[in-house]
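Each remark here refers to the structure printed beneath this line.
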Amino acid sequence: MVADVLLTHFNQLFCLNDPGHPLTGQEMKKATIVEDGYIAIKDSLIVALGSGEPDAELVGPQTIMRSYKGKIATPGIIDCHTHLVYGGSREHEFAKKLAGVSYLDILAQGGGILSTVRATRSASFDNLYQKSKRLLDYMLLHGVTTVEAKSGYGLDWETEKRQLDVVAALEKDHPIDLVSTFMAAHAIPEEYKGNPKAYLDVIIKDMLPVVKEENLAEFCDIFCEKNVFTADESRYLLSKAKEMGFKLRIHADEIASIGGVDVAAELSAVSAEHLMMITDDGIAKLIGAGVIGNLLPATTFSLMEDTYAPARKMIDAGMAITLSTDSNPGSCPTANMQFVMQLGCFMLRLTPIEVLNAVTINAAYSVNRQERVGSLTVGKEADIAIFDAPNIDYPFYFFATNLIHQVYKKGQLTVDRGRIL
């Protein structure tokens, strides 16, 4: 087979044999590091991988050849938890955070999520589209090729749908692949204050059926937290969403452990998000149900909290984990997955191999894209992040700098030295 594109002489390729399930426990520590590696691409797919000189049959008169001495290649990075589409920003809350005002106290004062809800409700489709596109561009420049994007800053049907429509439009227009999550249950809207059950009934009866019918989202999510939605309320919504055919995610055990992990395990959610306050029993329940733990260390960093999710304990117990930005305007205003990956080492005490497995193959399972992306594997799409680094440890050791040299998306050179092509 003659390749369309042949990428050669990488210092290292980060490869693994996809076992057919998210990596857990000791599997997280394993990878195949190919020295002097090459990748052959044809029709957007990886068709060959190896070390040294490529087979002669891969090279034809039209084959594009590129050498990458001094560089490494990983699968395209996957950010599997973002709140991508929103109006406004919340830098005016930063001084309060520095003064020690808590996230929940800011929310109780009418700030936080509810502040962004007001800004998003007043934002036009074009405004939301352009703002979200800028964030996606930034993510792409940092090596991200697949992104999960939630609604949840409308809390009414008109605005929630506008958010989902923005995600759908960007999925068509932007190089990054988007996976949509419906999260109208992100907070209790002011018009339903004191009556969350009535709001959940509106979501179940009036919103979810339309989201499903119009294929606007693949996943359904809810914020199970003190002063937001209880475990029983979360179970009520997610069980109905599951009956309609949605895959499930749940924000759980972020600020307090109130039973969200139990709901995730009972309903076999694909992932439980945050988990800073998870208990040993909660870890065991998620392992038993095969739920992926999606950890968001940049949120803990941004909130200036001391308690990070117990990632080391999770992996050692046999749990599958991922890492994501939680990109949002309040608790985590960043879109930089390289920073998150570095926090995975510095604050969660993971190794570079564990982090790379978390943000590639496990993240692919978290967004139900494991058949297409998540590993440098023959037959998968050629989503490739190329780092200006001599080995896979270097991007973690040399922190707070964008080390992306190039990005390939579906076999096409999409980013080249800081420029989107």
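Heads up, the Cβ atoms here are built off N, Cα and C, so glycines get one too.
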Of ARG90, ARG372, ARG417, the one that Swiss-Prot places in the same 4-imidazolone-5-propanoate site as TYR153, HIS186, GLU254, SER331 is ARG90
Starting from the Fe(3+) binding annotation in Swiss-Prot that includes HIS81, HIS83, ASP326, which of HIS9, HIS251, HIS405 is the extra site residue?
HIS251
Fewest Cβ neighbours within 10 Å, where candidates are the binding-site residues HIS186, HIS251:
HIS186
Fewest neighbouring Cβ atoms within 10 Å among the binding-site residues TYR153, SER331 goes to SER331
Residues TYR153, ASN328, GLY330 binding N-formimidoyl-L-glutamate per the record - widest CA separation, whole Å
12
Measuring Cα to Cα, how far is ARG90 (4-imidazolone-5-propanoate binding site) from GLY330 (N-formimidoyl-L-glutamate binding site) in Å?
6
Would you pick out, from the binding-site residues HIS81, HIS83, ARG90, the residue whose Cβ has the largest number of other Cβ atoms within 10 Å?
HIS81
For TYR153 (4-imidazolone-5-propanoate binding site) and HIS81 (Zn(2+) binding site), determine the Cα separation and express it in whole Å.
15
